[in-house]
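Have a look at the structure below before the remarks.
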Amino acid sequence: MGDKSLQGFQELSHNQKYFLTPLSLVYVVNETRVESNDDFTDIKLVKLEEQPALEEFTNPMHDFKVKLEESGSTEFFAFSQKLNRVFTSTDKTITFSMVMNPHTPLLIRIMLVCSNVIFQPLSRCSYHSRGDSTTFRDHVVTHKDSMAKYFGTADGVYFRERLAILVPIEETGQKSISLEFKCLSSCYKIKKVSTALIFTLEDEISGNILGRQVLNVHVSKNFKRDMELAEKAASVKRRLSGEFESEAAGPSSSKRTIVDLSELKFLLPQEVVREFLEGTQQFIKAKLYNAEDDGLKGSLTTCLEKVNVMIDNFASNSVESGEHDYCKRKV
């Protein structure tokens, strides 16, 4: 190759080459093999991931697992099995247990991300950071661990530049850490996005990612109420999905059953109304794309037009509101 450097690597001198093995980076200097753990160079792999990823994975060698500790769940948080999401509030302590096989020096990177807008960095809003003179005032997630440290910047774009908590792992391969959230899901920097905690197991020396666990999170003042509302909304969506599936599967010549939903009402927090409507919009679009029967297409088109109008009206009438504002919508 004419170019001596590759994206993600520092430039090497003319007599150095490198190649990857499954567990290490190997350099070849004047045709002499030198392992990366020798005291020859301090070159590191950087920016291997442009953006955070949400795909969970582990490997048998490290067997990385993260779980919520159950103590205090009623008072400090609630976990929804239906939604696979933890609901909590600000300044409530949640403890996570992390286990792995420590074959090499390891650390865990804990990062809060927008799970549906992954490229958008998250930092604390001005309201919840005012009066805070600490060095970690930008972090939405804080820790209570003497060994952990804060890392990253509020305007960091790449994965390794973003705000995160770095937790070193001891030789036992077990670690518990208590976290708190300093912003609500309705804060202006987080509003209208879904959030998730990413736990990334990394090789402390090479920076290679060895495992990833993801937990969806919603933070609000009344987290128990919000969990109930979210589970009810999800149940209605699944029921509607089943009804549309049943209609789509039927022969076009058969008599179609139309279900009247005009009396169905939802009482939703304002911050989730748009997300609910846009989810319904995408659902109808997907069904319309796959529909072959003209009658079904007509019904779906009518529904889609109504949902589009509701989204437009909501966008034009929406104003900044507090946690207890509600919107009632007919579907």
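Every residue, even glycine, has its Cβ placed from backbone N, Cα and C.
If you check TrEMBL, you get these features:
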type    : residues                       : note
DOMAIN  : 55-233                         : domain 'p53 DNA-binding'
BINDING : Cys125, His128, Cys183, Cys187 : Zn(2+) binding site
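The number of other Cβ atoms within 10 Å of the Cβ belonging to Cys183 (Zn(2+) binding site), over all protein chains shown, comes to 23. If you take the C-beta of Cys187 (Zn(2+) binding site) and look for same-chain residues 6 or more apart in sequence within under 8 angstroms, you find Cys125, Tyr127, His128. Counting every protein chain shown, the number of other Cβ atoms lying within 10 Å of the Cβ of His128 (Zn(2+) binding site) is 17.
The number of other CB atoms found within 10 A of the CB of Cys125 (Zn(2+) binding site), across every protein chain shown, is 18.
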